[in-house]
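What follows is a single structure, written as structure tokens, with notes after it.
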């Protein structure tokens, strides 16, 4: 039991997956071979000098994620399991049962279930650790080319050390944090992909410092003895400061010179690097959170309840022990001749002391160990349902959903916050040239003959680019008028695509004649250059000084005079080129917020039209850029180029001087048009977000992408809509700036009218003690966007609550440019202060930290490898499956587990408390009512399978209704189905049943006689009657509790009753008596007792009196105060009856107008989600059929919960 609930670390691998991503396999909870070292103040690493570097005891790449070996497994695993309170408790009971003076039960009643639980858990832990060992060996034994003694040698990863020089080849993972020394590319350049670090799949450029870029051959590298002195290990992915000391000179180093672990070398034949950080010291590892021991809220509640029950057990033991001492003192002393005390007992007090321990053993079944076995079995069943769900199977990737842990299923039904990555999770990370505006005309939409915009399914064939032999066959565009304009020679359209073919940093590679491959630093640039290529302006090649473009089949070479590069402050890039005629022109593309202010006044009319197009594109969630140009005369350019050269050579404020020079030339430009690129969402993302929002689940996007990109996707997936009153953007660079921006945001929310869904004024008075509760009155009207550098300040201890209050009051929260560690910190902040269940979902190594931190981690097997999957609790291939995971599997798992626990505690209190009442009639002698075989088999055989069937298969409503009415999800968020109140109700019902099960037969037997006139009241007949009554009562009760009947439920419930009677008659048979005369003494007692009508009448009376109040209460509840699931079930039943009635009256018809209306209602709800309108009225889907208010009780409880985020109250269901 010790490790149930632990998340599988990244050692929980499958061989076919490990080979894909090396870095991801290192992201688990790691114990590296190196011993613990004191914190570093600086890192010193000398090339090719292992002896020098080993003095510092730097960590190596030896990885150990496994926990056990053959010798330590048994002791360590048992030690961990007995750290679980329940296991220690049952071990203590077992020891007590071995003491003859105390035990009145055989030891096997406890040891059999205890050994079973320990064995099951040990097998599970051993299996997990086997996979960890396997993955450790695979990673540690990977080969790397290391320069040793003047030659390249194949070395295992675990033997790589700081200071080694490593050779990397194209498409290889970077094994450690390396200082780039040289590469196959000119000037020491190399290209890397950083998807596992920041989620971005675009390539980035790194460059060796000039002094080492010529070290391309082995002999020169072998003589290299430079020493790197740099910062100690840290988690800052975008910063590095250090220096290289070589040949008595000092050379500064920056992040541009580093290749970080987890990157992939792309489009570079080879490169050499010096290991600076290895193993846990790398920045990737510094950003990876520890694997945390995850437990559900029900687990934590059960631990608390077990302690309470144990306290209750001790109280009952004390009461009965006191009773025993008094009885022995007052009565027992008179019967010493007939009932002598044991030799060790010398007083009534000591007899009471022994009686206390005896009753602790007898009454321990209030918490039987079978509870924990049953919980594990139910969770395992739920996990298999997720794995087997064909509706969560991705046909395209042939990837099923996978429950990688079996311990968190019911918590899937309680999620309140979802933290999602963007790239690869919400989007496909595929950029598509979708629309454009050229000189005031918009292209990209297709219209039918009536002038109406055609939808995608109604569109004709895509544009035919067969005229262009160099066109990309994968490129699709639907508006033929743009191609017609190009073919007609429209000068503005030609200039538009000429700009796209020149203003970029794309590299072109032509492996075969006419087969072009573009290497773009960003998917956006690749999409724009590809669009220009298909429309006849084909970027063919470049040199440092020229760009060659095939314009409508004619090769044209432009002289490249300058590149004014893009950065996050400028938000634009420009090129200055000279065409073959000698004319100099500047081409610029950039953000509309920047570029529109730098246009020539004469373009005002065109600017207004283009702005309308930009607003239209932005409303569709497209990523826009504005294009402009400017002609430069030769004299001005020469003067400007001289000033640019001086600024680039400046020793101080170099960046500012260059920016000023760039600003000067990028002014008074002529507007050319705008582009609109679609970052395609994954299928079903807007609908999924809308549905989860209706279920009162808050979705936060945490991404490493820039702000503009993140906001665009927010609009695309309908997290942000036009109904949002204001989007607060927090971009402060200092603590004071961030605090001020958050304060202003809260003030604006407080000053606005407190409205809820659809504009209804909120009149409810909210407590002023917590600002959050006040702010939540306006939730749903605002959105918050915060940058990573601002988030770093917002997460500081003195400001985190202000940030949390502001964020939780907003409908949508987007955190951009965040590091992997910041993602985890945001999740931890919500976990800590909101006391809500959190779920993190992502697809890359940069998401691993937040996946581990959240209560539930979900990995998407996407384009960024499977690192997130390996660290996750659940995995699937598309974001849209999240709605089914939560609203169907999660809700059902929570419902089933709660019903299981309620019934389990009920049946065990009904069973155990009979002993308590019997104690008052047996001189408190610790005598049991039932025989020991019934006590042993009650929880293992007689009542185990029915409750397991209910816990595994039960449903309140079908899966279609769970998706159709997301408000059904809210009871799990409010923890309504199993809490302390529900627990005490179950206990009270169990105690009530135990009173009737004991006292009704006792009262009847006191006066009853057999058919032959003999006295009926013998001990064994009474025991058989009480046991039979109990088994029948709990069987009828589970029949009432079962909401979804299957053949398995019927078989288990009625089969268990049959098994009970079969075993009962067998134990009182002649055959067993002859074989075991000392064990089965009461021959024929069951047959004799159950042959008496009085006994059966007693059993029937007991059953009716026990069950009748439950039936009456549930009938009244359904009639007077039904909950939402009751209403949905009732409507389902009415529909079914009406359909059957119609089929009876009109056997020839298979459908009717009325049933068509029901389908129309469902379709309408789907269209509402698909329409993209703001769906704030959570009960909208119910208004068509409900006759009573079924969700008011949820809302009233939600308003009382001050520690959880609020949601706008919904309209009550109308009749």
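The backbone N, Cα and C atoms fix where each Cβ goes, glycine too.
Keep in mind that TrEMBL annotations are predicted by a computer and have not been checked by a curator.
Remember, predicted model here, so these are calculated numbers, not experimental data.
Residues annotated as compositional bias 'Pro residues' in TrEMBL: 1206-1215.
The domain 'P-type ATPase N-terminal' annotation in TrEMBL covers 46-111.
Annotation comment: TrEMBL describes 869-1122 as domain 'P-type ATPase C-terminal'.
Marked as region 'Disordered' by TrEMBL: 1196-1215.
Under the heading transmembrane segment, TrEMBL lists 105-123 (among others).
What TrEMBL lists as transmembrane segment is 305-327 (among others).
Remote same-chain partners of the transmembrane segment (347-373), defined as residues 6 or more beyond its termini with a Cβ less than 8 Å from a stretch Cβ, comprise 1, 86, 89-90, 93, 96-97, 99, 101-105, 110, 113-114, 116-117, 120, 306, 309-310, 312-314, 316-318, 320-322, 324-326, 328-329, 332-333, 341, 904-905, 908-909, 911-912, 915-916, 919, 924-926, 928, 935, 938-940, 944. Among the features that TrEMBL reports, transmembrane segment is placed at 347-373 (among others).
Annotated transmembrane segment per TrEMBL: 900-921 (among others), in sequence order.
Summarising the annotation, TrEMBL assigns transmembrane segment to 933-953 (among others).
Annotated transmembrane segment per TrEMBL: 983-1002 (among others), in sequence order.
Marked as transmembrane segment by TrEMBL: 1022-1040 (among others). Panel annotation: around the transmembrane segment (1022-1040), residues 903, 906-907, 910-911, 914, 929-931, 934, 942-943, 946-947, 950, 993, 997-998, 1000-1002, 1005, 1053-1054, 1056-1057, 1060, 1064, 1085-1086, 1089-1090, 1095, 1098-1099, 1102-1103, 1106-1107, 1110-1111, 1114 of the same chain, lying at least six beyond its termini, place a Cβ under 8 Å from a Cβ of the stretch.
Annotated transmembrane segment per TrEMBL: 1047-1067 (among others), in sequence order. Taking Cβ pairs closer than 8 Å, the transmembrane segment (1047-1067) reaches residues 931, 933, 937, 941-946, 948-950, 953, 1024, 1027-1028, 1031-1032, 1035, 1038-1039, 1080, 1086-1087 in its own chain, all 6 or more past its ends.
Marked as transmembrane segment by TrEMBL: 1095-1116 (among others). Listed as Cβ neighbours of the transmembrane segment (1095-1116) (distance under 8 Å, sequence separation of 6 or more from its ends, same chain) are residues 989, 992-993, 996-997, 1000-1001, 1004-1005, 1008, 1016, 1021, 1024-1025, 1028-1029, 1032-1033, 1036-1037, 1040, 1089.
Highlighted: of the candidate stretches 305-327, 900-921, 933-953, 900-921 has the greatest count of Cβ pairs under 8 Å to the transmembrane segment (983-1002). Within the domain 'P-type ATPase N-terminal' (46-111), the DSSP-based counts of helix, strand and coil residues read 33 helix, 1 strand, 32 coil. On the 0 to 100 pLDDT scale, the domain 'P-type ATPase C-terminal' (869-1122) averages 90 in this prediction.
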